[in-house]
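J.: Structure provided below as structure tokens; questions to follow.
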Amino acid sequence: MALWLPGGQLTLLLLLWVQQTPAGSTEAPLKVDVDLTPDSFDDQYQGCSEQMVEELNQGDYFIKEVDTHKYYSRAWQKAHLTWLNQAKALPESMTPVHAVAIVVFTLNLNVSSDLAKAMARAAGSPGQYSQSFHFKYLHYYLTSAIQLLRKDSSTKNGSLCYKVYHGMKDVSIGANVGSTIRFGQFLSASLLKEETRVSGNQTLFTIFTCLGASVQDFSLRKEVLIPPYELFEVVSKSGSPKGDLINLRSAGNMSTYNCQLLKACSKKCAPAPVVIGCLFLVTVVISSKSRAQRNLLAPF
């Protein structure tokens, strides 16, 4: 996970840096600036959840994404079986698809990395989103899952914020105290500071998030998933021999997009017959675990 440069290119820079920097390298940390990530795909789907689910099903978006990403079907199969083995009661309105979306994101590095890159560079405009953003299904269900988990937690515990930690190795962040930033991606952050420690130089974020949701019931780790649209104020920044320490405090939210898939389809999509286009959706609602396992593997 990483922050973005203007234009959404920081993800690629960081990936190249990690791939090209050997373990134990003494090279100077990569220095990057942060901003509000204006080009990141940040849809909150406010007021259109039911319509989004209908469009995703009718448009066979899951199948389209499976066809685009060669590892995708196997990642979802594995995540589905993982969820079946640990399935717990879900909050109101949350479905097994929401749960498996969290599992596939938190457990599969290829999925989370490619989603981050797509959010940065494949949705800079409505037209680009429509043609080039091939994570419409996953993006919606991750966003919706965070919102539903927060709603459930708020109902039980009132307004809920989390103090979490996220570390980035060999990266020096240029962020001024008092400035407002956002990550522009789904960021997994740990509730345990010790889990973020790595060898070498590291930028450690201490994040006070009020829009993130605890996903430890799904990922089996004490972590919180922060949505791409949450804003943060840089409260403090200090240096140490092991790297920078940056404290962030939630400062609301900001989105450029809302219900973008529906807007795109209202312009060019012909009405489709009501069918369950996503075979994955069929399998996850089967109550029998053994039957679900047989049916999950069959379509792929």
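Cβ from N, Cα, C; glycine included.
Pasting the feature list from Swiss-Prot:
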DISULFID  Cys48-Cys259  disulfide bond
DISULFID  Cys161-Cys210  disulfide bond
DOMAIN    70-255  domain 'TR mART core'
CARBOHYD  Asn110  N-linked glycosylation site
CARBOHYD  Asn157  N-linked glycosylation site
CARBOHYD  Asn201  N-linked glycosylation site
CARBOHYD  Asn253  N-linked glycosylation site
SIGNAL    1-23  signal peptide
TOPO_DOM  24-269  topological domain 'Extracellular'
TOPO_DOM  287-300  topological domain 'Cytoplasmic'
TRANSMEM  270-286  transmembrane segment
J.: Could you tell me which three-state DSSP class Asn157 (N-linked glycosylation site) falls into?
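T.: Asn157 (N-linked glycosylation site) sits in a helix per DSSP.
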J.: By CA distance, which of the recorded positions (Cys48, Asn157, Asn201, Asn253, Cys259) lies nearest to Cys210 (disulfide bond)?
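T.: Closest by Cα: Asn253.
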J.: Quick check for the class: what is the C-alpha distance, in angstrom and rounded, between Asn253 (N-linked glycosylation site) and Asn201 (N-linked glycosylation site)?
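T.: On Cα coordinates alone, these residues lie 30 Å apart.
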J.: Taking all residues of the topological domain 'Extracellular' (24-269) together, what is their mean pLDDT?
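T.: That region's mean pLDDT is 89.
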J.: When you rank Cys48, Asn110, Cys161 by Cα distance to Asn201 (N-linked glycosylation site), which of the recorded positions ends up on top as the closest?
T.: Asn110
J.: Could you tell me which of these disulfide-bonded residues, Cys48, Cys161, has the greatest number of Cβ atoms within 10 Å of its own Cβ?
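T.: Answer by Cβ density within 10 Å: Cys48.
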J.: DSSP secondary structure for Cys259 (disulfide bond), reduced to helix/strand/coil, please.
T.: coil
J.: Counting other CB atoms within 10 A of each CB, which of the glycosylation sites Asn201, Asn253 comes out lowest?
T.: Asn253
J.: I'd like to know which of these glycosylation sites, Asn110, Asn157, is least surrounded, judged by other CB atoms within 10 A.
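T.: Asn157, out of the glycosylation sites Asn110, Asn157, has the fewest neighbouring Cβ atoms within 10 Å.
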J.: Using a Cβ cut-off under 8 Å and a sequence separation of 6 or more, which residues in the same chain sit near Cys259 (disulfide bond)?
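T.: Spatial neighbours, sequence-distant, of Cys259 (disulfide bond): Asp43, Tyr45, Gln46, Gly47, Cys48, Gln51, Met52.
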